[in-house]
Amino acid sequence: MQTAMERQDAMRRQGYRSASGDFSGEESEGDVLAPLLRARGDHRNLYNKVEEDNRRWYQWVCSYASYVLLLMLLTYLLNQLDRYMLAITSQPLAREVHFGDKACAINETLPDNVTARAVCNATAEASCVLSKDCTWDYNGQGLEYQILAGPVFILVYTFAGIFISFAADMYNRKNLLAACLIFWSVATVLTGLVKEYWQLVLLRFLLGFGEAGCTPFAVSILTDYFPSKLRGLVIGIYNLGIYSGYSMSYALGNFITLANIMGQGWRWSFYISGIPGVVLGVLILATVSEPARRVAPGPSETSGGGQRIKDVSEMTACQKLTSTLKPFATFSVVLLCLGGSVRNAAGYVWAYNTQLYFEAMNQTPTQIAMYMSWIPLVAGSIGVILGGQVSDFVVKRMGIIARVLVLTVSQLVAAPFAAGTLYFTAPTSYIMQIPTYIIGEMWVGVALTVLVELVEPQFKTSAIAVYLFIITNIGGNVPLLVPPIQHAFEKVGSMKADALRDALYILYPGLYVGGGVLFLLTVFSLRRDKRRVSYQRITESEVTLPNDN
């Protein structure tokens, strides 16, 4: 027979313990209920945490700041819609205004498009007119078109952005943004009235001037309305305007032109895309409040010697320009700007030649609009939100370098899909655009977030404008290379459509790879900067150690 002491020892060895902490041979009620009570308490805590998270999310979604975010998103949507309407309507516009290259056009009434392409893809007028099924007419391509898409718009867009951004750090950003929106919207409406090429050049110039203030003002306003932990997500949502506006340009530019409202064809595409901007500009003036500017805490407010850094309003123009440009002298920011420029160039080349490429591949405007009116919107939106979410997640674990790694991987993975768009025929070529946008467009908000986190907060608006100046001047003028490269391929025997495709191979997926490589070099540079800062801190701490003697 075991004594009570022996039974307790045996139960102790087996790990039994009552709720009261005493060992005994019988299970008490506390032994049974304790685990259940603990589980119930854990469940209740988890439930309360989920409820609190849901409450915070609901408050954020329904907040005034979210209303401002919605208006900024709509502003950017109209920005892109008005900008790319030229690319969608270039062929009918060129045929009426008379500019750019001429080509042998396919008679769309032919039942056999394959035969039509073989006959009507001639590179000389003499060969084209031999067939009654073909016409020699403006095709919307050529140097004059690329000048409208590139330098005429880009130069004023970037230079004006620099000077406008300086005003944003000192004056009411909301009023300036609304004024810019109304200005470029009026220019868009007037584009529908042009009859001469020089008028198109002038209005494209004015469009660039107005649109220059959009992103610097909008991003600066949003970063003051939202905390830093939501910055990647908020900028990602704002950048949905790129894909919404770009996709909408295909729907309006193609379907409205085909509708031929009042016999004016493409002109109504510009009227309909420009008028909403005037209304939205008035709404921003009436309902948006200028937010208080966030001030960087701690060390960023003082210089290394402990002196307070001057407020922006206290600086001269020269001091402000010097302080703004200082980060751009660092190797890491230079590489970031170069990577953004090359990747931006790929986007500009494809955006301004998508309609022309698919038309060269014998796709009708209706067929193009059926795919391109939703693929950039859905896939691009997923990509930009995914990029912001992924970068916000990994930055908590690895720091800012993780954001740049997201840039690198996304571009290198997206490049083969971009090449597939050019390699395959429709509809596969359209389908290849889905992964291209989802993966390739992750870079947009992430690159902007990296820049904002590398500069002093009081100069973020100006820094954004400088960054956009660099990547847009370099990337936005690369489409000028399409005509000479295309003509070079034609000289060695390529048909006109095939020559355009070969040029795009170099300037579309090829530049995805180039941008990815430059972002990878940025990672290495930031790691070197991090090691250098760590070494300086260790050295400074050793210098300030008290003397043992």
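Cβ atoms here come from the backbone N, Cα and C positions, even for glycine.
The region 'Disordered' feature in TrEMBL is assigned to 1-28.
The annotation compositional bias 'Basic and acidic residues' is assigned in TrEMBL to 1-12.
Marked as transmembrane segment by TrEMBL: 57-78 (among others).
Residues belonging to the domain 'Major facilitator superfamily (MFS) profile' (68-527) score a mean pLDDT of 84 in the model. Look at TrEMBL and you will find 68-527 tagged as domain 'Major facilitator superfamily (MFS) profile'.
Annotation comment: TrEMBL describes 145-168 (among others) as transmembrane segment. If one looks beyond the transmembrane segment (145-168) by at least 6 residues along the same chain, the residues whose Cβ comes under 8 Å of a Cβ in the stretch are 83, 86-87, 90, 94, 99-101, 176, 180, 200-201, 204-205, 207-209, 211-213, 216-217, 220, 317, 320-321, 348, 352, 461-462, 464-466, 468-469, 472-473, 476-480, 482-483.
TrEMBL lists 175-194 (among others) with the feature transmembrane segment. Long-range contacts of the transmembrane segment (175-194) within the same chain, counting only residues at least 6 positions beyond its ends with a Cβ under 8 Å from a Cβ of the stretch, are 75, 78-79, 82, 85-86, 97, 164, 167-168, 200, 203-204, 206-207, 209-214, 217-218, 221, 264, 266-271, 273-278, 280-282, 284-285, 288, 290.
Here TrEMBL flags 200-221 (among others) as transmembrane segment.
What TrEMBL records for 233-256 (among others) is transmembrane segment. Counting same-chain residues at least six beyond the ends of the transmembrane segment (233-256), those with a Cβ under 8 angstroms from any Cβ of the stretch are 69, 72-85, 87-89, 218-219, 222-223, 226, 266, 268-269, 272-273, 351, 355, 365-366, 368-369, 372-377, 379-381, 384-385, 387-389, 392, 437, 441, 444-445, 448-449.
Annotated transmembrane segment per TrEMBL: 268-288 (among others), in sequence order. Remote same-chain partners of the transmembrane segment (268-288), defined as residues 6 or more beyond its termini with a Cβ less than 8 Å from a stretch Cβ, comprise 67-68, 71, 74-75, 78, 81-82, 85, 88-89, 174-175, 177-179, 181-182, 184-192, 221, 248-249, 252-253, 256-257, 259, 261-262.
Feature annotation from TrEMBL assigns transmembrane segment to 328-351 (among others).
The feature transmembrane segment is assigned by TrEMBL to 371-388 (among others).
Annotation comment: TrEMBL describes 400-424 (among others) as transmembrane segment.
According to TrEMBL, the feature transmembrane segment maps to 430-452 (among others).
The transmembrane segment annotation in TrEMBL covers 464-485 (among others). Residues 101, 141-143, 146-147, 149-151, 153-155, 157-159, 161-162, 164-165, 215-216, 219-220, 324-325, 328, 337-338, 340-349, 352-353, 448, 451-452, 500, 502-504, 506-507, 511 of the same chain lie 6 or more positions beyond the ends of the transmembrane segment (464-485) yet place their CB under 8 Å from a CB of it.
According to TrEMBL, the transmembrane segment annotation covers 505-526 (among others).
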Beyond the flanks of the transmembrane segment (200-221) by 6 or more, those residues with Cβ under 8 Å of it:
68, 72, 75-76, 79, 82-83, 86, 93, 97, 99, 147-148, 152-158, 160-161, 164-165, 168-169, 173-174, 176-177, 179-181, 183-185, 187-188, 190-191, 194, 235, 238, 288, 290-291, 448, 452, 460-462, 464-465, 468
For the transmembrane segment (430-452), distant same-chain residues with Cβ under 8 A (at least six beyond the ends):
219, 223, 231-232, 235-236, 238-239, 242-243, 333, 336, 339-340, 343, 371-372, 375-376, 378-380, 382-384, 386-388, 390-391, 400, 403-404, 406-407, 410-411, 413-415, 417-418, 420-421, 424, 460, 463-464, 467, 512, 515, 519
With pairs fewer than 6 apart in sequence excluded, do the transmembrane segment (328-351) and the transmembrane segment (505-526) have three or more C-beta pairs that lie under 8 Å?
yes
In terms of Cβ proximity under 8 Å, which residues at least six beyond the ends of the transmembrane segment (400-424) contact it?
232, 336, 339, 343, 346, 350, 357, 387, 390-391, 394, 430, 432-433, 435-436, 439-440, 442-443, 446-447, 449-450, 453-454, 501, 504-505, 508-510, 512-513, 515-516, 519-520, 522-523, 526-527, 530
